[in-house]
Amino acid sequence: MSESSGSALQPGRPSRQPAVHPENLSLDSSCFSSPPVNFLQELPSYRSIARRRTTVHSRDKQSGTLLKPTDSYSSQLEDRIAENLSSHSLRNYALNISEKRRLRDIQETQMKYLSEWDQWKRYSSKSWKRFLEKAREMTTHLELWREDIRSIEGKFGTGIQSYFSFLRFLVLLNLVIFLIIFMLVLLPVLLTKYKITNSSFVLIPFKDMDKQCTVYPVSSSGLIYFYSYIIDLLSGTGFLEETSLFYGHYTIDGVKFQNFTYDLPLAYLLSTIASLALSLLWIVKRSVEGFKINLIRSEEHFQSYCNKIFAGWDFCITNRSMADLKHSSLRYELRADLEEERMRQKIAERTSEETIRIYSLRLFLNCIVLAVLGACFYAIYVATVFSQEHMKKEIDKMVFGENLFILYLPSIVITLANFITPMIFAKIIRYEDYSPGFEIRLTILRCVFMRLATICVLVFTLGSKITSCDDDTCDLCGYNQKLYPCWETQVGQEMYKLMIFDFIIILAVTLFVDFPRKLLVTYCSSCKLIQCWGQQEFAIPDNVLGIVYGQTICWIGAFFSPLLPAIATLKFIIIFYVKEWSLLYTCRPSPRPFRASNSNFFFLLVLLIGLCLAIIPLTISISRIPSSKACGPFTNFNTTWEVIPKTVSTFPSSLQSFIHGVTSEAFAVPFFMIICLIMFYFIALAGAHKRVVIQLREQLSLESRDKCYLIQKLTEAQRDMRN
């Protein structure tokens, strides 16, 4: 195209030149090489760059952002890609097949001019990457419940699939925790107990202490009724109390092998610390991945509407009814977005009197919420105190049902509180005048706090009973030895009962509530009351809160009951199949799906809250409450944590000095300041990246406006040529 044709594209200048093709307009740089042409200065992107010229100096003033000469750029891109082919696969590049073939030919041509050593390195690198890809593909086929989860995703979409993927993650997490405890604690004991290795137990040398603190009463071995075994199995007492399931079984100081002595108290404590640290790192890693996805998906409201309308369909759905459900869920999400938009507009238009009235009502309703929580916590406290006092005094005088009720009274009260309070919160929040999305988040937050705080209330109630007594026993032993001769085992029994009772409730609700409800809705369709009752919905947030509750129990109880992670693994495996059967045959997906269910970020965030709440009572138990003197591996230590300073004292003096220096305040304060500076740096870096992302989004918008502008000018030029 000549210079005159370039000027013909200016507004109001007719032209007799041939028609201009878009590919020539975008690729041929000669058409914009003449200095008098000022057409490109009219592009929206060029005007934006002119306004930001102080920050963008590398832009070409004549060619804007789109219309640069592309021949040299393409050749440089090809050379760069060809050079990097040795470290990246061709499939990673966004190129068509012909370009990939051309680049492959370039690579083969370059290989001929390399030395034999470089050729061997290239081929070995390719072979190793190909092997890793094949191994990665094979591991995906070995993934637990892969076909089941894919089937659920195909029938019910990605929302419900995320719950089952989260459940699979908890199964794997508990399995790894159990393997850590098994390798560090159980395996040395089993090898010695069954004479598998040439080793022996090192008994704990009892120090000079009051004999009253070392008394551990053994249950009577007289006539035992059959139902006593059922009670023992459900409560962890009796024959289970003396097994390796609980803390009191490990009353040894170590295991002596041929060449060394295995320090069991240290291994017992380190297994708990390692389990919690692994859980924290694993959850944070997966949370960061989900947070990255949420950052990528963060968008403006207009973009959110466009994405839901043009890209909101889930192509994994193959079932007709699920497709209808997806239609309704998209419709609900659009309604929710519009409702939130109306709510924002309503908030902006509120008068000062309405604002005062709304906030006063919210304050009053939040006081009611706090009163409900306080009543639940007090009920758990009273039930725990009543159960602990009567369990030791009158347990032999009770019949089977009364005995079981006393043992499970705290678990029953906690389950009732977890069942009733969500319904109360759902009724209260309707009057607080929040947006629909915030209503869901606030309700879930209250339910999370309720479920997890009940466990903490139970543990702290037990702790208060353990450390308080009426006589001088607490002065002698440091704890209530008369009521709790081995208090760690009894705390483990409470966690065991919570785990078993939660599992029984899940099975009972599925088999005796959901299944009969499905039968009534199916075969009694003429009854209007039953049809109004309807089929049970598969509520994702409620199910997630249930398994997070069970996992929090497992974290707290793993120190007091080392086999509890194995029980939790079996429990979650059974729950997976029960929930899958319930989803397929008794439940229907909720027509109002939780929006964060498309990613596991929210689930992992709730799980992280549960882990933090579990660490608090464990830290207090390990560092503050005196260890039992009648059972367990820490009978010669005032607290469990004292095994760490004792072990450090056996190290060489130089290593001791280093450890004491690292753990001192002189090191901790500067280290904390450096960490804060690094954190501030990354926060500033994230802010800069965010600003760059905003600029790039603006630039993308300007690129599209450039295209529209060019098409408009091209159309005008073609119209002028026809005229």
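Glycine is treated like the rest: Cβ placed from N, Cα and C.
Record features (Swiss-Prot):
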type	residues	note
TOPO_DOM	1-168	topological domain 'Extracellular'
REGION	1-28	region 'Disordered'
CARBOHYD	Asn24	N-linked glycosylation site
REGION	51-71	region 'Disordered'
CARBOHYD	Asn84	N-linked glycosylation site
MOD_RES	Ser89	phosphoserine
CARBOHYD	Asn96	N-linked glycosylation site
TRANSMEM	169-189	transmembrane segment
TOPO_DOM	190-219	topological domain 'Cytoplasmic'
TRANSMEM	220-240	transmembrane segment
TOPO_DOM	241-263	topological domain 'Extracellular'
CARBOHYD	Asn259	N-linked glycosylation site
TRANSMEM	264-284	transmembrane segment
TOPO_DOM	285-362	topological domain 'Cytoplasmic'
TRANSMEM	363-383	transmembrane segment
TOPO_DOM	384-404	topological domain 'Extracellular'
TRANSMEM	405-425	transmembrane segment
TOPO_DOM	426-494	topological domain 'Cytoplasmic'
TRANSMEM	495-515	transmembrane segment
TOPO_DOM	516-555	topological domain 'Extracellular'
TRANSMEM	556-576	transmembrane segment
TOPO_DOM	577-601	topological domain 'Cytoplasmic'
TRANSMEM	602-622	transmembrane segment
TOPO_DOM	623-665	topological domain 'Extracellular'
CARBOHYD	Asn638	N-linked glycosylation site
TRANSMEM	666-686	transmembrane segment
TOPO_DOM	687-723	topological domain 'Cytoplasmic'
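With respect to Cβ pairs under 8 Å, the transmembrane segment (602-622) is most closely packed against 264-284, considering the stretches 169-189, 264-284, 405-425, 556-576. With pairs at least 6 apart in sequence, the transmembrane segment (495-515) and the transmembrane segment (169-189) have fewer than 3 Cβ pairs within the 8 Å limit; the two do not touch.
Between Asn638 (N-linked glycosylation site) and Asn259 (N-linked glycosylation site), the C-alpha separation comes to 29 Å. The recorded stretches the transmembrane segment (264-284) and the transmembrane segment (495-515) do not share 3+ CB pairs below 8 A when only pairs 6 or more apart in sequence are counted, and are therefore not in contact.
With respect to Cβ pairs under 8 Å, the transmembrane segment (363-383) is most closely packed against 405-425, considering the stretches 405-425, 495-515, 556-576, 666-686. Least crowded of the glycosylation sites (Asn96, Asn259, Asn638), judged by neighbouring Cβ atoms within 10 Å of its own Cβ: Asn259. The list of residues near the transmembrane segment (666-686) in space but at least 6 beyond its ends in sequence, with Cβ under 8 angstroms from a Cβ of it, is empty. The two recorded residues, Asn96 (N-linked glycosylation site) and Asn259 (N-linked glycosylation site), have Cα atoms 64 Å apart. According to DSSP, the secondary structure content of the topological domain 'Extracellular' (623-665) in residues is 22 helix, 0 strand, 21 coil.
Beyond the ends of the topological domain 'Extracellular' (241-263), by six or more residues, the same chain brings 185-186, 188-189, 191-192, 197-205, 216, 219, 232, 486, 488-489, 492-493, 496, 559-564, 628, 631-633, 635-636, 643, 647 to within a C-beta distance below 8 angstroms of the stretch. Across the range of the topological domain 'Cytoplasmic' (687-723), the DSSP-based residue counts are 36 helix, 0 strand, 1 coil.
Residues of the same chain lying 6 or more positions beyond the ends of the topological domain 'Extracellular' (516-555) and with a Cβ under 8 Å from any Cβ of it are 159-160, 162-163, 166-167, 170, 173-174, 177, 275-276, 279, 418, 422, 440, 444, 447-448, 451-452, 455, 495, 498-499, 502-503, 506, 564-565, 568, 571-572, 575, 579, 582-583, 585-591, 593-594, 597, 603, 606-607, 610-611, 613-615, 618.
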